[in-house]
Amino acid sequence: MNTSKASKKRKAVTRDVEEEAGVFSGDELNTGNLDGALSDNAHDLSSDEDESDSEVELIDDFSDEEDEEEEDVLDSDEIPSDGEDSAKKKSNAAPGELGAVIDDDDDDDDESPSEEEQLNYRIEKDANGNDRFVYDEINPDDNSDYSDVDENANTIGNIPLSFYDQYPHIGYDINGKKIMRPAKGEALDALLDSIEIPKGWTGLTDPSTGKPLELSQEELELLRKVQMNEIPEDGYNPYEPIVEWFTSQQEIMPLSAAPEPKRRFVPSKHEAKRVMKIVKAIREGRILPFKPPTEEDEEDDTIVKYDLWADEAERKDHPMHIPAPKLPPPGYEESYHPPPEYLPSRKERKTWEEADPEDRDREFLPNDFGSLRRVPGYENFVKEKFERCLDLYLAPRVRRSKLNIDPESLLPKLPSPEELKPFPTACATVFRGHKGRVRTLAVDPSGLWLASGGDDGTVRVWELLTGRQLWSVKLSEEDPVNVVRWRPGKDALILAAAAGDDIFLAVPPIVDPAMEKASLDILDAGWGYAASVPPPTPAEANKKNNPPKWMRPSSSLADSGVCAVIPLRYVAKSLSWHRRGDYFVTVCPGSSTPASVAIAIHTLSKHLTQYPFRRRIKGGGPPQAAHFHPSKPILFVANQRSIRAYDLSRQLLVKILQPGARWISSFDIHPTSSTASGGDNLIVGSYDRRLLWHDLELSQRPYKTLRYHRKAIRAVKFHPGGRYPLFADASDDGSLQIFHGSVTGDMLSNATIVPLKVLKGHKITGELGVLDVDWHPREPWCVSAGADGTCRLWM
């Protein structure tokens, strides 16, 4: 190069770059000028640099080897032709080599463009001969705002690669050239990659480029820190000293111990003034709580109002149209704060949860939320609305004609209890003297005396009205007196009592001598008949079920008034007299009692005992009680679950009653049965708290079942004689219940049963209450025996 060109501005820059095509600003390189700049005029550059404020800057010393490498790298295609404009000349240095920009100043320096005004594109001809602008790749330097060009980066944008599945390319670069799809390795390459895993290998594919996704060194370091439970951020200290912006110590004493000012307890005067102003304005009408809309607001043309039903013509309902039934209104159990009695217990909740959804009585359980803001969303809301919709359009509808019947007219016309008086209402006399429970009692046919027996083994006779004890006898030291009954009839006064395995017949010395002598004559008449009976043969004597022989009592019992003893060998719990007073029946309900001797009929005039049943009564367990019919030769025998009627004259089974009770405790026959007043009626008490009324002509099932007691019913009794249509029952809940039960002779009408009164006075002792009850023969009075050791007269 000539020395005259030493005054030209030259700039040489050397730096280490990656093996990429560099992009430099400035004039295009000329081959001749480049050779001269690198070889001949090296000293000129340094001299010019020192002498003047030239823009040529030499950063590094260049060797001849670098010049030769740079010349070799230059390609012929990168050298512009002579026809191109010198202002647009541009060449790219080889990657990794020297990048130099030399501004050649011609003689006319003003005509050369500045470095900022130089163009970053070149013009080429496309296939149609039109001009086409080609932009060079940007290769930023250290001072540039651009980042390094990533040759693996995809410039197609945020477009899914699935759009290019059917094409060999995956997008286009900035110049519109296709970016070809990267080649995929075969099975052998995949095997080699799995054996020699490069650093940063993930086994994933980058969705934007289609190439294997590799992690950088920074990302690997971040993953290592996370795996080792280290802090990912550099320079972060998790153990910095605590700065207590607020104290962690609980302060007990106040910050200020000054007394509270009075203004905090006195209403504010300023607020009172403001409130009074508002009140005055409301009274004067200057402030209205509701301001009605004016006519201008109502006639506002900008507001368009639509009437959806303006063109809808009124249509009559179909003749067969049936409106949908309304849902029942919600009850107390659906409240968010229901009363406590509507909330289920734990047992009820568990039973409801364990039951099948179809077997549940309701779809939800009542809950108490306390306040409305705590009520959550109803989980079955959508289900209920869906089922309601199904019912509306799937369930058939039927018109049901309502019967205009007064419900009161359907109920039986029962008289008022006030109209059915007299009946016992209060306790008049209390009989005290027994030690332990009083198990049984009976009122004599005259209505003057009361006999009772209890656990102390004694039988006591009381004066009914005064409660004074007149006579007492000790029948047993160990066994209680289970039952006492007076012989019917007023011609004699004979008392039968069952204690232990024996039956005792006594004449209490409480009457006049004539009555006492008549009673003793009736008892003594049987001894002569018993002596005239021939003794049993040896074969009959060896039988186990031979009837017992009547015996005379011991001297001590005879002095007390006992006249005869019947050894039954089993405990009798029931004793009932025939209406004529010559027969009485006993029942031994023990499980160890043989069936053939459980029921015995005794003849008073002959001192004879007979066993009418050879076998156990079928069905229902052992017998519990037995009574004679008041007017017919019929014996009623009750076992645990049924009652059988036997005709003694014909020795036939007449009828079987099925009360439906689990265990019958007692029963009684109406005193006017089989007379002009009506048919056979009887009442049954059971240990399962039921009181049953049976009409034998109506059915073998009970006519009425009354459940008014909370515990077992021990005894039931009709008023004797039929003068008063009353009957009573005694229960272990400590109460007696008085009923009105009238029977008419009209076969088309049924018996009328009306509850009258509940009598309470006995104390419950040992889970036992009232054990026996009996009526006065002429008055509407009743007497009860309790487990508390007392007897009570109710009138």
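Yeah, the Cβs are placed from backbone N, Cα and C, and that goes for glycine too.
Here Swiss-Prot flags 1-133, 319-365 as region 'Disordered'. According to Swiss-Prot, the compositional bias 'Acidic residues' annotation covers 47-84, 102-118. The compositional bias 'Basic and acidic residues' annotation in Swiss-Prot covers 122-133, 344-365. Among the features that Swiss-Prot reports, repeat 'WD 3' is placed at 618-656. The feature repeat 'WD 5' is assigned by Swiss-Prot to 708-749.
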Going by DSSP, how much of the region 'Disordered' (319-365) is helix, how much is strand and how much is coil, in residues?
15 helix, 0 strand, 32 coil
Local confidence of the repeat 'WD 5' (708-749) - pLDDT mean
88
How many helix, strand and coil residues does the repeat 'WD 3' (618-656) contain under DSSP?
0 helix, 22 strand, 17 coil
